[in-house]
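Contents: one structure, followed by commentary.
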Amino acid sequence: MNTPIAIIGSGMAGLSAAHALTAAGLCVQLFDKSRGSGGRMASKRSEVGDLDLGAQYFTARDRHFVDIVQQWQENGWLAEWKPALYQSHGGQLSLSPDTQLRFIGVPRMSALTRNLLGELPATFACRITEVFRGEQHWHLVDATGQSHGPFSKVIVAVPAPQAAALLSAAPKLAASVASVAMEPVWAVALGFDKALDTPVEGCFVQDSPLDWLARNRSKPGRASRPDTWVLHATSAWSRQHIDLAPEAVIEQLRCAFAELIGCAVPEADFSLAHRWLYARPAHAHQWSALADADLGLYVCGDWCLSGRVEGAWLSGQEAARRLLEHREHNS
Ligand SMILES: Cc1cc2nc3c(=O)[nH]c(=O)nc-3n(C[C@H](O)[C@H](O)[C@H](O)COP(=O)(O)OP(=O)(O)OC[C@H]3O[C@@H](n4cnc5c(N)ncnc54)[C@H](O)[C@@H]3O)c2cc1C
Ligand SMILES: NC(=O)C1=CN([C@@H]2O[C@H](COP(=O)(O)OP(=O)(O)OC[C@H]3O[C@@H](n4cnc5c(N)ncnc54)[C@H](O)[C@@H]3O)[C@@H](O)[C@H]2O)CC=C1
């Protein structure tokens, strides 16, 4: 019997591992606490259209990732995003063009992970709280107390602080994962019925509560009206204001935006705030993936590498590769 492999987390890392394993003929079962796949590549549906509140775009530098990105682009799941890019230093806004290729899911970021999910077996709205090994197989328990299994192996593909809690079967692994700190990010979306009078479409920001801002309508496939923007606070500001009420976060970041954008910014006609508790690792690692292969427990995620979409995909590939390698040695 081909006992399935459980994958906890259906963000880019979990989906990447799932694809590699199914391509090798194995069965997988994905679990995610959210209602859909994508994790930090999620897009929020709202009355003003879809808003990419997490990952804004991604780049591809590793040659394997470059190849897969090309395939996704050929499938029509991705488009290149060529914004009018600016930077802001000490309140000075200046054009900052470059030749970097940047990709986005179309018509929303989450479309990419939704396409990657395809027909893979997945259970959503299912927060896994315990991962334990019986005599022969692994079992999972969710927040409602329901148990799932049996599974031949388990891949944990969630942010490090959430992964550590699921690794009590492998204390050494749990300790390494628990040592990884992840930083929060407040994201705010603003919508203006009358478009702002600025050529800015994306901006890297320094010396401000903001770290980044993007204009949605500059992204292929997005609605052009109203004029919606996504603002990301720095991790330092987000940490300091972690418990601030969303309305206060919106107001403070709207003011920071108005200060740097160089045109009149009226009250927003639409606004929302989203707090990412585990947005990015505090430091990059070079782990690729972690494992207790003899036990059959694997851990992957962006935080094992660069804290970027590319890192998440590479980490999922590596977890799958190590699982397949171990399986081959022991067959
Ligand atoms: C605000 C923000 C901006 C970003 N901007 C960029 C960018 O511009 N470019 C870039 O390359 N990267 C960016 N990133 C980083 C990028 O989004 C991540 O690197 C990547 O999406 C991480 O993928 P992952 O699969 O490792 O984790 P995640 O996407 O976090 O996936 C983990 C999944 O596990 C699920 N989960 C967690 N715990 C459990 C549990 N106990 N049971 C079941 N399911 C669980 C979650 O619901 C989630 O779906 C950004 C991230 C944020 C937050
Ligand atoms: N907010 C969050 O939680 C996270 C944000 N992430 C951001 O995701 C982006 C992805 O990184 P890469 O794929 O390497 O993308 P990239 O090569 O576009 O950017 C890397 C970094 O280089 C700088 N930079 C690049 N181009 C310019 C430019 N034209 N003018 C001025 N500065 C520039 C800028 O500081 C940027 O953060 C980066 O901006 C990260 O900061 C990554 C992970 C999490």
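Glycine is no exception: its Cβ is also placed from the backbone N, Cα and C atoms.
Going by what TrEMBL states, the FAD site holds A13, D32, K33, R40, Q56, Y57, I128, V309, and the candidate of D67, D302 recorded there is D302. Site annotation (TrEMBL): substrate is bound by Y57, F58, T59, A60, R61, S96, P97, D98, and the candidate from R308, R321, R322 recorded at this site is R308.
Close to V309 (FAD binding site) in the fold, though at least 6 residues off in sequence, lie M12, M41, A55, F58, D302, each with a CB less than 8 Å from its CB. If you take the C-beta of A13 (FAD binding site) and look for same-chain residues 6 or more apart in sequence within under 8 angstroms, you find A157, C300, G301, D302, A312, W313, S315, G316, A319. For K33 (FAD binding site), the nearest neighbour among the listed binding-site residues (T59, P97, R308), judged by C-alpha distance, is R308. For T59 (substrate binding site), the number of other Cβ atoms no farther than 10 Å from its own Cβ, over all displayed protein chains, is 14. Of the listed binding-site residues, namely K33, R61, R308, the sparsest CB environment within 10 A is found at R61.
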